[in-house]
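Down below is the structure, laid out as structure tokens.
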Amino acid sequence: MNKVVLLCRPGFEKECAAEITDKAGKREIFGFARVKENAGYVIYECYQPEDGEKLISELPFSSLIFARQWFVVGELLQHLPPEDRITPIVGMLQGVVEKGGELRVEVADTNESKELMKFCRKFTVPLRAALRDAGVLTNYETPKRPVVHVFFIAPGCCYTGYSFAHNNSPFYMGIPRLKFPSDAPSRSTLKLEEALHVFIPEDEWDERLANGMYAVDLGACPGGWTYQLVKRNMWVYSVDNGPMAQSLMDTGQVTWLREDGFRYRPNRNNISWMVCDMVEKPAKVTALMAQWLVNGWCRETIFNLKLPMKKRYEEVSHNLAYLQAQLDEHGVNAQIQARQLYHDREEVTVHVRRLWAAVGGRRDER
């Protein structure tokens, strides 16, 4: 199996292809990307027959920016007979996957695929039963075994394959299903909520998103991102010349500072989180984030970089490289992750976590 399917945001296939070609090449896994505009997916075809599995096991999925999900596949199954689509799919997967822990029947995230998704939901139950009978799936779901993927690109036309549960997105189609809270000031709140799900392991939430932490929201108006921090019982300094939603001010947890986010300097030294979603050139935002991290003004940050119309992968890569260079130059040990989230549009979201030596049981205490 020498092909890897990467799901992405429609319109960002070229960026996804450029990224996987670059990062696979650095690991000496060579191939070429098949790109169809606005398809919502890319196929990276490796030159060597076993390199598909090698790629999805060796390259950390968390290092990819534009891919929502990935899995290795074989040849395209076409003209599946409407009276029995199951038998050919089972036949393709037998001998390829043994005792998979989960089945996902998926489509690309496009308007054209919405009707197809209804079929996928109905088709999943009988297909799962058949794959269990054939030994392709275990009789129960388990995160310890590979995930079996059946990816429909058209009616009667699909790829079959698998991903590794420890190196993929845990979400169906790579999209966390989040509900917009009716009391949130803006829909942008879902960006930060999704970022927390993607970047922070669930078992670390109580420690890293703890009650009573201090946080700063730069460019906060009207308070979509502040809302997420308040919901987690943090004390928030919301920095913006524009007004904050009254519902947030009424909580008593928010201090509104009428200042420019680029000029604000914190007067506390125990700020755990700084978040930032400002409409500004990515280089300017990255320089500000580097300043906060180098000076130790916060422990973790999540921020958005607005993308230009062209060379978007190059722009993001350049800014992340600059940030890493600044941290290295000042001896700051940190983890950097970036992802174009489902709720992002022409932007990517970056998470940086400063790391200190462990003291007294805390993972990152100063």
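Yeah, the Cβs are placed from backbone N, Cα and C, and that goes for glycine too.
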Candidate from D133, D240, D328, D344 that Swiss-Prot assigns to the same S-adenosyl-L-methionine site as S188, C221, P222, G223, G224, D260, D277: D240
Densest Cβ neighbourhood among P222, G223, G224 (binding-site residues), 10 Å radius: G223
Candidates S188, C221, G224, D260, D277, namely the binding-site residues, that fall within 10 Å of K306 (active site, proton acceptor) by Cα distance: D277
Fewest-neighbour residue among binding-site residues, criterion Cβ within 10 Å, set D240, D260: D260
Cβ-Cβ distance under 8 Å to D277 (S-adenosyl-L-methionine binding site), same chain, at least six residues away: S188, K191, L192, G219, G224, W225, F303, N304
